[in-house]
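Trainee: Let me begin by handing over the structure; questions about it come next.
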Amino acid sequence: MESMKQVVVATKNMGKVREFAELFERFDLEVKSLHDFPHIEEVEETGETFEENAILKADSLSRQLNAIVIADDSGLIVDALNGKPGVYSARFAGEPKDDQANIDKVLQELNEIPFDKRKARFYCALAVAFPEGDKKPVIVNGTCEGFILEQRRGENGFGYDPIFYVEEYKKAMAELSSDEKNAISHRGRALRKLEEKIPEWFLGE
């Protein structure tokens, strides 16, 4: 019997790993994460765009592991802050990464800016890299539009979810159930685009 084809997700975030595992198990693809390869060092994100960082991570790890690797780079883009925090979303308030400090910094920088001028979006770039040298990395992306609230709301999610207002639900992202969030989130939308490509990219159909 042929063993299941493996896909490595370039993250240690188990929430992300579960999202990918649910998608890929429908196609008999086994998902591994960086927890399964403790000797591998994290790739430094030196790109200037989400796409560059996702490709950088996927390509480097694919060559190291000789495996198909999926990497995502995502973050928050706030129009009134000229696109910040952008690719620096995870470390906006500096090292070490701290979600609460990042939220505080965004709220501070938007102080006294009215709600209708606080337009923002979450952006996710997903890159897939293949160990075969002749196959270039491929990429999909997804966005979720909203506004930045003046204070935190909700207990769910992570990152900037408590201050991101989703008009479709009239709630903060952190007030949504996981099903509601997956239906509209940037990563959920990118994953659905990826799902359409699985037969072609992963199964050679």
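Every residue, even glycine, has its Cβ placed from backbone N, Cα and C.
From Swiss-Prot, here are the annotated features:
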- Thr11, Lys12, Asn13, Met14, Gly15, Lys16, Ser74, Phe158, Gly159, Tyr160, Asp161, Lys181, His186, Arg187: substrate binding site (BINDING)
- Glu44, Asp73: Mg(2+) binding site (BINDING)
- Asp73: active site, proton acceptor (ACT_SITE)
Trainee: Please list residues from the chain of Thr11 (substrate binding site) whose Cβ is under 8 angstroms from its Cβ, counting only those at least six apart in sequence.
Mentor: Val17, Ser33, Leu34, Ala71, Asp72
Trainee: In DSSP terms, helix, strand or coil for Asp73 (Mg(2+) binding site)?
Mentor: strand
Trainee: Could you tell me which of these binding-site residues, Asn13, Ser74, has the greatest number of Cβ atoms within 10 Å of its own Cβ?
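Mentor: When each Cβ's neighbours within 10 Å are tallied, Ser74 tops the list.
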Trainee: Output, ordered by sequence, the same-chain residues six or more apart from Asp161 (substrate binding site) with a CB under 8 Å from its CB, or 'none'.
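Mentor: Expected: Gly154, Ala172, Met173, Ala174, Lys181.
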Trainee: Among residues Thr11, Lys12, Asn13, Met14, Gly15, Lys16, Ser74, Phe158, Gly159, Tyr160, Asp161, Lys181, His186, Arg187 annotated as binding substrate, what is the maximum Cα-Cα distance? Answer in Å.
Mentor: 21
Trainee: Give the sequence-ordered list of residues that share a chain with Gly15 (substrate binding site), lie 6 or more positions from it, and have CB atoms under 8 Å from its CB.
Mentor: Phe158
Trainee: Which ones in the same chain are close to His186 (substrate binding site), with CB under 8 Å and 6+ residues apart in sequence?
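Mentor: Non-local contacts for His186 (substrate binding site): Ser74, Arg121, Phe122, Tyr123, Cys124, Gly142, Thr143, Cys144.
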Trainee: Roughly how many Å separate the Cα of Gly159 (substrate binding site) from that of Glu44 (Mg(2+) binding site), to the nearest whole number?
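Mentor: One finds 20 Å between the Cα atoms of these residues.
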Trainee: Here are the binding-site residues: Glu44, Asp73. Which has the lowest count of other Cβ atoms within 10 Å?
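Mentor: Counting other Cβ atoms within 10 Å of each of the binding-site residues Glu44, Asp73, the minimum falls on Glu44.
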Trainee: Round to a whole number and give the Cα-to-Cα distance in Å for the pair Asn13 (substrate binding site) and Asp73 (Mg(2+) binding site).
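Mentor: So the Cα of Asp73 (Mg(2+) binding site) lies 13 Å away from that of Asn13 (substrate binding site).
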Trainee: Could you say whether, by DSSP, His186 (substrate binding site) belongs to a helix, a strand or a coil region?
Mentor: helix
